[in-house]
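Database features, via TrEMBL:
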type	residues	note
TRANSMEM	25-49	transmembrane segment
DOMAIN	140-381	domain 'AB hydrolase-1'
ACT_SITE	Ser220	active site, charge relay system
ACT_SITE	Asp346	active site, charge relay system
ACT_SITE	His375	active site, charge relay system
Amino acid sequence: RLCRAMDWQVLTRELSLYLESQVRVGFFGSGVGLSLVLGFGVAYACYYLSSIAKKPQLVATNDSFCRFLEEYCPVVTETYYPTIWCWEGRMQTLLRPFITSRPLVQYRNELIKTADGGQISLDWFDNNDSLYYPDASARPTVLLLPGLTGTSKESYILHMIHQSEMLGYRCVVFNNRGIAGEELLTPRTYCASNTEDLEAVIRYVHSLHPSAPFIAAGVSMGGMLLLNYLGKTGRDTPLMAAAIFSAGWNVFESVESLEKPLNWLLFNYYLTTCLQSSISRHRQMLEKLFDMDLVMKARTVREFDKQFTSVMFGYRTIDDYYEDASPCRKLKSVGIPVLCLNSVDDVFSPGHAIPVETAKQNANVALVLTSCGGHIGFLEGIWPRKCTYMDRVFKQFVQAMFEHGNKIFSM
């Protein structure tokens, strides 16, 4: 019996190897398999080139601004080729933090006091080794505003600093209260509509280097905050220009998009837990004014904002807060050149909510809309470890403004 069993095992193994070899020869040796693979590859390439890789839509009512961008920031008129195996918006959004590299940046931290007794953490990259601008008093300064729960450690911020370093610029990152490890001295954090802290930071940075050209760049909620500030101040700002990336234009549309089942699973719940985590270590300070147990039960961003953010900043209802926080309502009042990059497949800022018609009514505003890219994604190349499309837009626009900004409305 043992011999028969061993013979059966040998026979089975030999038969299996024979069948595998026949299938391999029959499938690929006949050319059928190779043809199918090549056919699929050609079909996918045709679909990618016809439907995915496209030139962005440039929306700008001012012809001079358009010509300025075409000459000095040509990336906004070139075809954007998203990573061929990762072009869908959600995938781009999810993978960027894990795929992109994290350039090494040495910061100098500074805590500044606010009028209400609080403090704000600024992380400086002074770029004292700058070859292009050895005089610190004249070295161009870029103020960077991270997203909702982001800090100076985010990969997209590090890449912006890396691009600025190569151009010889100085950078300073505005960390929202209580986010970057500093203590919360008063029971107040931050929101997208209240620009008081940003105004204080801009005044302070400008006072340190009054002769230096000054630009700001905001990402996601940082972009919303910057737009709300610009809509409030008009031309009365020391900033000469601003760049906005993946801003949520209409908060009502943003939260509605994020509450769809798949988006809630992939983004909303995680973002809510990040918000709760950002305030949990300040619980002793905040529970003087809030029912923190109720805040910690929130399962969506809307619930968190209803129980915490809108209450903290004195709004009667959450709808009042969301209306005030939506930059689309202030875009007409922006008084300096602003370039805004969005992807129409961004679930955080749906394409239909981007204020294209409003932007056309302000000669200072240019929108760059890509068909793919997700939220702070914009991955490109086969293995997008380093520079993204967003990074290239940032670099070219900031350089264009610092070096040729006086030509923007005279071309």
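Glycine residues also receive a Cβ, built from the backbone N, Cα and C atoms like all the rest.
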Neighbour tally for His375 (active site, charge relay system), based on other Cβ positions within 10 Å of its Cβ: 25
Count of other CB atoms lying within 10 Å of the CB belonging to Asp346 (active site, charge relay system): 28
Ser220 (active site, charge relay system), number of other Cβ atoms within 10 Å: 26
Ser220 (active site, charge relay system) versus His375 (active site, charge relay system) - Cα distance in angstrom: 8
Rounded Cα separation (Å) that holds between Ser220 (active site, charge relay system) and Asp346 (active site, charge relay system): 11
Stretch-averaged pLDDT - the domain 'AB hydrolase-1' (140-381): 97
